[in-house]
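Working notes, beginning with the structure itself.
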């Protein structure tokens, strides 16, 4: 059984008359005029006030009969009241002027009286365009009655029912010892350039998009090429339709994120064409699955987003910026979990709904003039969905934002929040226009909406050609859907494009730059990167632990390798393993690198920062952690194996180990950017490292490598690292050639037999390390050449990483 609100909202008569036939209460059928929208806030008795009181009494009476509510609300008090006709309210407790609780249909609503300046601005915009449409005032039982004397307290309130989980802006600010914001539940950025940000009207004409089927390459239209419409600042447009109707594709086309070779039509901002780059800087796209840094808290995620993309952050103090962030977090109902980490796939401390709201907050903080939202209410309960969308509407009103969001299953209360509706089915437009005219439109075309029925769900069911249970029903629905689409496309009034754009918007200059300079972007990303590196166990700390274990095992295996000729091969093996292990274990950081890659693509697409600051910050952040790994590994391995003694040799060994780790890290980064899939990246990295091992020079001497693979040998970073370590260890050493006797002891009387030609005098039974280097063709190695080659490899890998990120428009 539906509620009185749904009955009145669904009925055509209730939209045309105020308070007619409500719960058996008869009232003259009449229409409110524009003048009746005025409310006297003084102590005089105006005709308008009496009319509004009559409506209030009637509606309160209907609520009492429907829900057995208390009728003691002081509607007929000499005190003047303001009626808020927002249809989205939740039942609860109100308070009269004496402080007594009064039960009404509503509870402390989450949206306040709209700013009068905003209303004047909107009326001025309508006047400028020559559009003097008369607004129909819908009065329904969902009302709020507020004594006029309470207006002052309302202005100082910082968030009505702000926290879904019970938190509020006041509560959060009290905990942080911060002052409340401007009082409307939306953070106040007055005094900064936020008030002078550009406003955008977005329009689209004949949008189309197609894909080709696998096999026969048949073209399949996702959008039919006749989708047109427009949305102005302060408006929220809902894109509704069955699954597969083209809602997400439509948003992607508006955001200029689709392949232009497969799309058709025109997208314009303020009546002018827009490039993908400009759209990126002017809009935010909230996707179905937001990408957040799992090791950061909700508050940290939102705060870093604010620093990166909110221009006012440069002009505000740190405390003021944190206050803005806290206000938004409270409005998203995340106060109690604001300091919890978002979590990783292995460990999550938040629900899916909380993560969803956190992702929305990270995008809303930017206050870009256009906001695209792909099913923002998915994963949220009905109360959370209504509060989030209602808050978005408040922001759109206050900051003149243009919001377009796809909605999968809008409730009646949620549906009524929207200003405009675009209904799609099978890629065709069934309706575009004002939300409050949708029912009339379908009724005029022979499809009335029954009472007690949610219009959005009713018409979505009507036009859904799938899951009907029989081919006959599906065929009938398909015919009805196509007839509606044909009628809409043939109606020039319904299909108007680009006609309602105010003149001042047409002449407004569109920005094309980032909010922060490259240097500022780099600093912010570095700060966030260090926090991520410190907390993310899989990025560096896991590898550090693995290398400690490997170093201990390696040192105990090759412990005190010695200086006889038998130790030559052991030394080669130990040095080779010291290099190879870093290339193989670089895959430990691959999962975290792929997460960073996804984070980058998501934030870059929303115009938060550019490629160069991200790559530079990543490069600088990794330096100390990789150096720490190199120091710990060298400090354990070098003395246990008993490599060439001396501070100079130790420092040189450490330096080349560090360059090797960094080169391996850079190669892994490049591959993680080129291949988005973990298994694909892991496979490619294994293949590349395997080839480098083969031609590196340890298993096969350089002179024996085929000419066809010699070029790979010179491109192998392992070659230069290994050659430098070999030269560093063997240069200056002396190896004894005397063979041990039966007791495994060596004395001057033992037989002398050298495996390597000796350059020493004939009386010496041994050979030098230089003799070994000459035998293995390492005698012409130069440390400077090896160091420069490794540095060049690092630069090449990092630059390739930059290029892949730059050209990839995922």
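Using N, Cα and C of the backbone, Cβ positions are placed for all residues, glycine too.
Because TrEMBL annotations are produced automatically, they should be read as predictions rather than curated entries.
Annotated range for transmembrane segment in TrEMBL, selecting from 537-560, 705-728, 729-752: 537-560. Matching 572-594, 756-778 against TrEMBL, the residues noted as transmembrane segment span 572-594. In this chain, the transmembrane segment (678-699) lies out of contact with the transmembrane segment (615-638); the count of Cβ pairs under 8 Å, excluding pairs fewer than 6 apart in sequence, is fewer than 3. Same-chain residues lying 6+ beyond the ends of the transmembrane segment (572-594) with a Cβ under 8 Å from its Cβ atoms: 536, 538-540, 542-543, 546-547, 550, 554, 558, 561, 633, 637, 641, 643, 657, 660-661, 664-665, 667-669, 672, 676, 678, 681-682, 685-686, 689, 692-693, 698, 718, 721-722, 725-726, 729, 776. Non-local neighbours of the transmembrane segment (678-699) in the same chain are 572, 576, 580, 583-584, 586-587, 590-591, 594, 667-668, 671-672, 705, 709-710, 712-713, 716-719, 722-723; each lies 6+ residues outside the stretch with a CB under 8 Å from one of its CB atoms. Cβ atoms under 8 Å from those of the transmembrane segment (781-804) belong to residues 611-612, 615, 619, 652, 655-656, 659-660, 662-663, 666-667, 669-670, 673-674, 717, 720-721, 723-724, 726-728, 773 of the same chain, restricted to positions at least 6 beyond its ends.
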